[in-house]
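Peer 1: Quick one: the structure is below, and I'll ask about it shortly.
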């Protein structure tokens, strides 16, 4: 049981780190051209230097929602990690990890909303791009989506152990 808890704890920390990286780094969409590599994230457009991300007024609200839900996902993931540590040492067996699992599933839902909106609104539709493909931050966000769901379910299952 201790090994299982340690494994879940390590995966949870990795998820938090990957969420930070995917939100902060500007490599959600990448395009390689003869001028160089152009990448966009949730905040900036980077070529050789980074500038404010140019979005149309129609897409600005969608981008703000994606930014907000990724930040909320980070917050919920960190809160779930803190709750895990607190509940591990304070609650008795059978009552542990209810809140941790619930908060982690809220984090999962925030990631789902953010990445789904980004996929629907911004994939292949960025200015200055001729042949875009997804960058590592987009892929990390989907990996965090999977990990947060698995961790949330495991916390709910572990409450009985």
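From the backbone N, Cα and C atoms, a Cβ is placed for every residue, glycine too.
Positions annotated as transmembrane segment by TrEMBL: 7-29, 65-85, 97-118, 138-158.
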Peer 1: Residues sitting near the transmembrane segment (97-118): Cβ under 8 Å, six or more positions beyond its termini, same chain?
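Peer 2: 12, 19, 28, 42, 62, 65-66, 69-70, 72-73, 76-77, 79-80, 83-84, 87, 138, 141-142, 144-145, 148-149, 151-156, 158-159.
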Peer 1: What parts of the chain pack near the transmembrane segment (7-29), using Cβ distances under 8 Å and only residues at least 6 beyond its ends?
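Peer 2: That would be 39-46, 50, 70-71, 73-74, 77-78, 80-81, 84, 104, 111, 118, 122-124, 126, 129, 132-138, 140-141, 143-144, 147-148, 150-151, 154-155, 158.
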